[in-house]
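Beneath this line is the structure, given in C-alpha cells, with notes to follow.
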2 protein chains.
Amino acid sequence: MAVNFPAIDPAQLHPVAGVTLGWAEANIRKPNRKDVLVMSIEAGASVAGVFTSNRFCAAPVTICREHLALGKGVRALVVNTGNANAGTGEPGLLHARQTCAELARLAGVAPEQVLPFSTGVILEPLPVERLVAGLPAALANLGAAHWYEAAQAIMTTDTLPKAASRQIVIDGHAITLTGISKGAGMIKPNMATMLGFLAFDAAVAQPVLDTLVKEVADRSFNCITIDGDTSTNDSFILVATGKAGLAPIVSTDTPAYRALRDAVTEVAQTLAQLIVRDGEGATKFMTVRVEGGTSVSECRQIAYAIGHSPLVKTAFYASDPNLGRILAAIGYAGVTDLDVAKIDLYLDDVHVAKAGGRHPDYREEDGQRVMKQSEIAIRVVLGRGDAEATIWTCDLSHDYVSINADYRS
Amino acid sequence: MAVNFPAIDPAQLHPVAGVTLGWAEANIRKPNRKDVLVMSIEAGASVAGVFTSNRFCAAPVTICREHLALGKGVRALVVNTGNANAGTGEPGLLHARQTCAELARLAGVAPEQVLPFSTGVILEPLPVERLVAGLPAALANLGAAHWYEAAQAIMTTDTLPKAASRQIVIDGHAITLTGISKGAGMIKPNMATMLGFLAFDAAVAQPVLDTLVKEVADRSFNCITIDGDTSTNDSFILVATGKAGLAPIVSTDTPAYRALRDAVTEVAQTLAQLIVRDGEGATKFMTVRVEGGTSVSECRQIAYAIGHSPLVKTAFYASDPNLGRILAAIGYAGVTDLDVAKIDLYLDDVHVAKAGGRHPDYREEDGQRVMKQSEIAIRVVLGRGDAEATIWTCDLSHDYVSINADYRS
C-alpha cells in the first residue's frame, strides 16, 4: 500500500569505502527474519548523531549519547528490531551496555566505540541473550555491498526496505553517499527519525559533522509526520569514513561543505520521504507548505497542525474536499495573533480559500480532482512575513487502525 | 456504538422556568431532520458563554461575542446544524446577523438580544434563506418540556441526543438545572465544547455568571478530547433565568454560589462525558488522570498527549496492553524537565510501570483484563508535585475513519 514508492535496485546502492554491513536472524521477536544489523566502520571515521527529544528515551539512545560524548571514535553500530528497549529502566541500560561489550569483544574494539540502536515494542525486556547470540552471524557476513539487506534488517512495520544512494564530485574527488532508514508508525521525529544511518567517504572534522547532522535532520527527518507520535528511539547517524581521498572538511564556510551538505540533505530527504510513502496504511503522500509567516517555527507549527489532524487526514483518505478542516487546523495551531482574514489556501494549483473565506471561483470539482491524486501539495499563505516551512505527511486510513490494533499480535 | 451511554428519559429532563424550546426541519443540509433550534428566554435572565480559541472561529461565534459584550440581555438562542458558517468570511457574518435580525423581528426582541450558533461543514456558504424560512415553525412549537427534542435538533454526527438534568435545593429554594450538548468529532474543546447549553432558574449577577461559565467549562468541556481537533464553533452557554425565587447570587464567595457551581459542574461534566461516550467510532471510554505534577497545566499537557496519541487510542481499541505507547506519549508531551525515572503508571488497579520501567510484578494478563473493559482509568503519577488533572477520551477505531471519510457524502 506504499504511495509511489520508487523501486530500489540493490545494485544502485553504492558501497561506501570504510563501511561493511552484516545481519543475523536472531529471533528477537519473530523467527525467520533479519532482525540484527551490524555496521562495521574502519578506524579514522568521524560519526555524529541526533536523537529523540522524547523524555522517555530508550536505553540505547542514552548509551549512544554517552559513547559519542566520550569521543573515542566509533567502530561499529548494532541495531536490533522487535524490541525498543524503552521504558525498561536500569535493566534496559545494562542490556544495551552488555550488547556493546559483547560486540566489542567479538570485533576487537572498545565497548565505548560501539553505538547500540533498538526499535520495536516498548516496555518489554530486551531479549539480550538472543541478540548477543546473533552477533557472530552478523559479523560473519559483513560486506560492503550489503546496504539493501541492511535496510531489510532494520524493518518493523515497514512494508518495504528504505535506502538511497548517490555519487557526487567535490574538488575532483568522487564522493559516495549511501543511507538506510526505517519507520512507518510512531513517526513525528523531533531531532531525528526512528532510525536513519547515512555514510559517505568524505572526511569531515568532528565539530563540522556535529553541525552537519543537525542541519540535515532539520531539513529531512524533522520535516515528516505520520501520526504525530514522537518515538522513544529516534536516531539519525552520519558516518564520514574519509576514504575518498578528499582533504578533510574542517569548516562549514567552504564550498566543499556546502556541496556535501546539499548531497547529504538530498539523500536524507529521500530516506525521510520513503518513511512517509510507506507510512502505516498510507494511500496519499501530502506535502504541506506554509509560507508568509513571521518565523519558520510558526510555519512549522501550522504545517504540523494540518499534518496531524485526524480529520484532515481522513478527508484526504476519502478524496473528499472537506477543506474547511484545513482552515480549522490552521486556526487551532496555536499562533495566537494569526489574522485569518489574510490567509489563502491552495490545493496544488487550485485556489480554495482567499482572505480567510472560500475563493469565489473555487469549484468543488476542482478540489475533488486534486484530492483523488496520490500526491497532493497543500499550500497555505499566511500573508504576514517571509518565513516558510515544508513538511511531508500521509493520510489516515482504515489500514492505519488495523496495523496498530494488531501490531503486537 | 456509543460506550455505556445512559438511557435518557425525556420525562426526567425537567423544564427550567423562563425557558422554552422549539425546533424546525429546515432542510439545511438533509431533509426530514430537526436542524434548527430556538431557545426563547424570558426577560430578566442573565446569560454568559465561553467560545472556541480557534483563530478561524465561525461567524456566529463572532456575533455571539459581540452581542454578549453589548450587554442588552439575551432573549433567544438560535442554532442550526448542517453548516458551520465557518471559513465563510464577510458573507458569513452577514448571514449570522441576518438570522438574528429575522428571529428578533418574529419574536419581538432586538437583534442584539439574539445569539446565533451553527455546527456542521466548514467552508460552505450558510443556506440562510432555508434557515430563516424555518424560524416561524420553530417559534410555533416553543415549549418548556422540549429539552429532549432540542437535544435531537442540534445533533450532527452524534448517534444519540445528549441531555442531563437535576434538581437541588439552595437556601430552601428548589433549583432546576437542565442542559443539552452535541458533538462527536472535531472534539478538543479549548474554552468550551462544540455546543453546550445549560439553563437553570437561580438568579445570578452577570459578573458572577461570567466567572461561573469559565469555572465550569474548565472542569467539564475543557477536559475532553476525541480527536484533538479544536472546532471553529465551540460554544458553551449558561442561562440563569432567576425564576426560582432564590435571591440573586452576587458573589462567588457564598455557600449559594458554591452549591450552584457544584451542581452546574456536575451537569456539565455529564454533558461533556456524553460527548465522549458518543465519540465518533468510540468503543472505549477512558479517564486519564495525571497526578503528582508541579502544575495543573503540565498534568493536562501529559493527559492530552496520552488522550491524543493515535497509537494509544488504537491499542485501546484492540484491547492490546501495548502500554509502552503511553510512556512514549508521556515522554513527548513537552514537559522538558520531566524525570521519567520517577513515573508510575496504573491501568485501573494494575500497577504497570514503576519508577519509569515495567513493574516487576506486572503481568500482561492483568493489563489485558483491564484493556478488555469498556471503561478504563489510566493513572500516571509523576512524583514531582501535588498538582493533578483529569481528562476523558475514547479510543480510535475503524469506524472513526469510516465516519470521517464519509461525513459529507
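From the backbone N, Cα and C atoms, a Cβ is placed for every residue, glycine too.
Features of the protein shown, as given by TrEMBL:
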- A:Thr156, A:Lys182, A:Thr193, A:Glu280, A:Asn404, A:Ser409: substrate binding site (BINDING)
- A:Thr193: active site, nucleophile (ACT_SITE)
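A map of TrEMBL features onto the structure.
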residue: A:Thr156; record: substrate binding site; Cβ within 10 Å: 21
residue: A:Lys182; record: substrate binding site; Cβ within 10 Å: 28
residue: A:Glu280; record: substrate binding site; Cβ within 10 Å: 28
residue: A:Asn404; record: substrate binding site; Cβ within 10 Å: 28
Chain B contacts from binding-site residues A:Thr156, A:Lys182, A:Glu280, C-beta within less than 8 angstroms, listed by sequence, come out as none
DSSP output for A:Thr156 (substrate binding site) maps to coil
A:Lys182 (substrate binding site) falls, by three-state DSSP, under strand
A:Glu280 (substrate binding site), DSSP three-state class -> coil
